[in-house]
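So that you can see what the record holds, here are the features copied from Swiss-Prot:
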- Leu78, Gly109, Leu128, Ser129, Ala130, Leu131, Thr132, Leu133: S-adenosyl-L-methionine binding site (BINDING)
Amino acid sequence: MKVRILTVGNKMPKWVQTGFDEYHKRIQPMLNTEIVEIAAAKRAKNPSDANLAQYREQEGQAILAAHAAAGREQLWVLDVKGKMLSTENLADKLADGMQQGDDIALVIGGADGVSPEVLAKADVKWSLSALTLPHPLVRVVLMEQLYRAMSINHNHPYHRGN
């Protein structure tokens with residue numbers, strides 16, 4: 001099983017890259033992960049609602065192209081309106097995916113969200129939190145949660161939940 005993180009944006013602060021890299025390094029023995037950075041649409045200084053929709057559409061086309069290029073993989077999209085999963089639920093979903101041999105493309109949309117087309121094609125819509133999180137922080141939180149879920153599946157002492 002492989003998890004590709006398709007994320008819009010590529011100029012992350014050093015602390016984001018450091019945090020992401022740490023969990024990426026830790027998870028590799030348990031789960032093959034890869035990050036695919038997709039260029040964010042160029043934004044106007046004071047974008048209109050129509051501009052925002054256009055940005056989501058442009059980024060959505062790039063996300064779907066990256067997903068299609070990989071062949072067969074489930075499409076999981078992070079979305080504030082998605083289903084919330086506990087870490088244990090995520091561990092179960094990943095364990096099921098590993099048993100079935102499913103690859104996953106996990107989408108972190110742009111600063112203005114994801115396009116309706118990407119949401120329509122999603123196999124899973126997942127909300128990390130009801131809170132609004134800074135876009136760069138989501139990369140770190142996502143990778144930490146993947147690592148935590150896989151540590152549960154491998155009986156690693158990292159997770160000390162219930």
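Any Cβ shown, glycine's included, is placed from N, Cα and C.
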Cβ neighbour count within 10 Å of Leu131 (S-adenosyl-L-methionine binding site): 7
Secondary-structure category, per DSSP, in which Ser129 (S-adenosyl-L-methionine binding site) falls: coil
Candidate with sparsest Cβ neighbourhood (10 Å radius) among Leu78, Leu133, the listed binding-site residues: Leu133
Where the record names Leu78, Gly109, Leu128, Ser129, Ala130, Leu131, Thr132, Leu133 as binding S-adenosyl-L-methionine, the maximum Cα to Cα distance in Å: 16
Lowest local Cβ density among Leu128, Ala130, which the record lists as binding-site residues, within 10 Å: Ala130
Residues near Thr132 (S-adenosyl-L-methionine binding site) in space but at least six apart in sequence (CB under 8 A): Val80
